[in-house]
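Q: Checked TrEMBL, it gives:
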| type | residues | note |
| --- | --- | --- |
| DOMAIN | 34-138 | domain 'Ig-like' |
| DOMAIN | 302-388 | domain 'Ig-like' |
| DOMAIN | 402-469 | domain 'Ig-like' |
| DOMAIN | 478-572 | domain 'Ig-like' |
| DOMAIN | 579-674 | domain 'Fibronectin type-III' |
| DOMAIN | 675-770 | domain 'Fibronectin type-III' |
| DOMAIN | 838-934 | domain 'Fibronectin type-III' |
| DOMAIN | 948-1037 | domain 'Ig-like' |
Amino acid sequence: MYECSKCVISPNWSVWSLGDGQPPEEIDKQIDTPPLSILLIEKPQSGSINVGGDITFTAKVEAKDLLRKPTIKWFKGKWMDLASKTGKHLQLKESFDRFTKIHTFEMHIIKAKENYAGNYRCEVTYKDKFDSCSFDLEVKGFEGQDDAGELDFSGLLKHRPILSYFLSFFILIPEVDVWEILKNARPDEYEKIAFMYGITDLRGLLRRLKNQKGREKELEPAYQVDKGGKIRLVVDLADPTVELKWYKNGQEIRPTPKYIFEHKGTQRIMVINNCQINDDAAYSVSAGEEKCTTELFVKELPVNIVKHLEPVKTTVNERIELECEVSEEGAKVKWMKNGVEVPTGVRSRYRVKSEGTKHWLIIDDATKDDTGTYSLMATGGTTEAKVQVERTIILLFEMLLGQPLKLNCEIYPGNIPGRWYKNGQLIQPSERLTIIHRTKNHSLDIESSTIHDAGDYTFVPEGYTQTLSAKVHIIDPPRVHLEALNVQDNTVVIVAGNKLRLEIPISGEPAPRVVWMKGERVILDSGNRVRAETFADHTCLTIDIAEREDTGNYKIVLQNEAGEDTASVKIKVVDIPDAPEAPLVTDVGGDWCTMTWEPPRYDGGSPILGYFIERKKKQSSRWMRLNFDLCKETTFEPKKMIEGVPYEVRIFAVNAIGVSKPSEPSKPFLPLGDEPTMLVVDDVTDTTVTMKWRPPDTIGAAGLDGYQVEYCIEGTDEWILANKELIEKTRYTITGLPVEAKLLVRVKAINAAGASPPRTTQHSILVKEVIEPPKIRIPRHLKQTFIRKVGELQNVFFIMFIRKAERKHSGKYELSVQVENHIDTAMLDIQIVDLPGPPQAVKIEEVWGNNVALDWNPPKDNGNAPIIGYTIQKADKKTMEWYTCIEHYHRTCITISDLVVGNEYFFRIYSENMVGLSESATATKDSALIVKEGKALLQYNDRDFTEPPIFTQPLINTFAVAGYNATLNCSVRANPRPKVIWMKNKITIIDDPRYRMFSNQGVCTLEIRKPCPFDGGVYTCKAVNDLGEAQVDCKLEVKG
């Protein structure tokens, strides 16, 4: 029994909290923490302090891969959250370092008491990641228990006396399994059981009980599966509607061909197919608020020996091949000789080869030292075999390929026949192979040796058991056949990121040893990305993923007994170019700028073909391409920008491989309107200066609101505003200036974007009226004879009036102007003109057919002006109505044709000068009769009004603002009515809702609804009818 001042507690009784916390089973249960990603880079460490002391626990989280701040919780024991206990004894702080990107979380315990001692826990969560750390606090010494403190467990318990009036913190109950009672009880008995055992949190109890029943069958603590096998993880749910999620090392698993989810009634099954080593991990499953975890162990199967090594017995200089087969492809094995691992390096005599499940150990030229016991070791067993190499007395002949081969032997006594054998096969004579037997000499001659002539030759004399043997070895110097590459200068070009497999034919006997080298580095056949392989008739260099560093010269070295050969191959890896440096904006205008840049430092191994330019507003994140055809130069002039809006530009470099990454954006720049032009002094007085100028060369989309005039008196730096309000005119007078002061004047153009750069006078202006000698400037038309009509009012620049001018007023006039002592004169020649008189002596010279010849004399009075022509009229004698035959006729004789046969005509003539026609006309005294001569009347055809299309009003180049409708107009004349076709950039516009087309009385209209910069281009209107076609073009620019 243990006694305290509050109550008596027996070891056979258990203590339950009467508060709203968790049930005892929840408290005693080990917290199931899913094995999620580690977040803490510095964990709180256990500490020890004296009573009344202070201590700080620190946790740090790295935020480089986190988009927001993680969530942290501090606990005492297993369930008490300390966030609600902060006060004078407990403080929680957090901070963030922007340079190291580390979150720091601190828990400060101030004036610790003895009951603060215990186990603490820190939990950090971020989305699906979780990490936790436990640490202990030891408090030494004792100061009494008057103040339990804020971290006292008993402070969380409700006061409810049950056994006695003084029991205020605990209730004593027998040690029973309440959860088993609740699970087996009916729902209507829950409240009775809770009251019986002193459970006040009935709602939490029911929620806990529901979660306990939600999952009936849990995962085993661990599972094991063979590598390549399949496993099923099964859980059984009481409530099939609960959402279930599977996790691997804290990461949620999605359905794939490897992970298959199945539902069978209340069972939820996850099948893992083809288990590999990376599937060896911790798995967890969550159903609502419940979780359970397990571990999967993947067992690798042993590699067994399928085909064992076989003993080999051979002779010196023969080839030895030891072959073995194992149960798994790509298995790692080890070759041993007499218990020592066989060296398989580049310079070793031993070569190891594997293909699928088969493995070989190859010795090309066996020696006596190669005798021994060879073995292959795998994880599932070992196989071994003995190799015996013996010496033989055999004549060895080495012949170069293509050389004649001659084998001779002498047999005693002579004239004994015999037979020649090759590799045990009888040799028969042929055209290139001759067998000769002369008495005791036997010879075998081969005209030109080939590779197939190599082998073991034996001569067997008849009637004797002895034989003569010789070994013929045909050797051929090695050679690299680079011509098979069929590339210029033996240079192979490959795009970065692609796979290169370079196969080069080789020849030589025996098979040459091949070494690939780049510089001083030997390329091995066991390389990962770059490797060299050699086969019977070719060698191969493989680069899985080509990189820039692979560019260079590769050397091939071939060696065998007959000699050595070398060759070089150049590999050039081309790639997209590097990004150019940030462009430099050198000049800025109203809606344009000039930008330059340097080519990229690395062109990717391929010449730069051009550049793409993009632009964006500084506040925006959307880049807009400015050129669709490559820019060949390193300078460009973007246009169609809005004044007063800051912009940025960037560059892409392009070569034959592709487009580089974008350059860094340029420094922001602000387009402003152009300055006014042609600023000059118009007038100067003692107190005023009048300036005039012309508008800017280009006016942007923001328009022009007016001008601002400023002046600065020489010797000062202050610019004074002359006009308080903007002026629209291009002329302004500055008043109130001091006499004989010198000043500079400048003018700015103002619009919604702001003020343009100023236009300033080049020289200072002296404020003083300048007396200039008079100068009469006679207009060009007055320097000649000044001609006016009679009676016309004249107003010359010097204001001289001649009212009702008469001919007598004609003559030379002298004009004199005097200013003080300065005089200037000028002469004016004035000529007063009047209507001319009628012509004289008009007569009919001849009449023939339907033609009449007339003749006359000029008028006596020409009206003081030259006669410029005559007007001839005719009249039928029957009606005497006059009709004009011809006007402005210059000669004094004419033939009138096409007169009507049978009619009789009179004629009259008017004279004409610069004033007009004469007041009267002179008529012929006689008439002309047109006599009928029996000719048929002419037939007249109806006029043909048809005509091909002609544009009477062309299209006009237009500027439009993005987002506002724009229209294009033109007019066409044609008969029959033409068909009108609209095109953009030579492409016909058909059924596009952004365009509307109208045609009314020959006026053709195209409406573009809310255009954007991409709607800019060349628009064409084409009219077609049966007689022909016509078209007009215009350019539309849309400023965004």
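We number each residue from 1, going along the chain as drawn.
Just so it is clear, glycine is given a Cβ too, placed from its N, Cα and C backbone atoms.
A quick note: this is a predicted structure, and the numbers were derived from the prediction, not measured.
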Q: Run through the domain 'Ig-like' (478-572) and tell me, per DSSP, how many residues are helix, strand and coil.
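A: Secondary-structure breakdown of the domain 'Ig-like' (478-572): 10 helix, 57 strand, 28 coil.
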Q: Can you tell me which of 302-388, 402-469, 478-572 gets the most C-beta pairs within less than 8 Å of the domain 'Fibronectin type-III' (579-674)?
A: 478-572
Q: Within the domain 'Ig-like' (34-138), count helix residues (DSSP H, G, I), strand residues (E, B) and coil residues, in that order.
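A: Grouping H, G, I as helix and E, B as strand yields 7 helix, 58 strand, 40 coil.
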Q: Using DSSP, tally how many residues of the domain 'Ig-like' (302-388) sit in helix, strand and coil.
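A: Summed by class, the stretch gives 3 helix, 47 strand, 37 coil.
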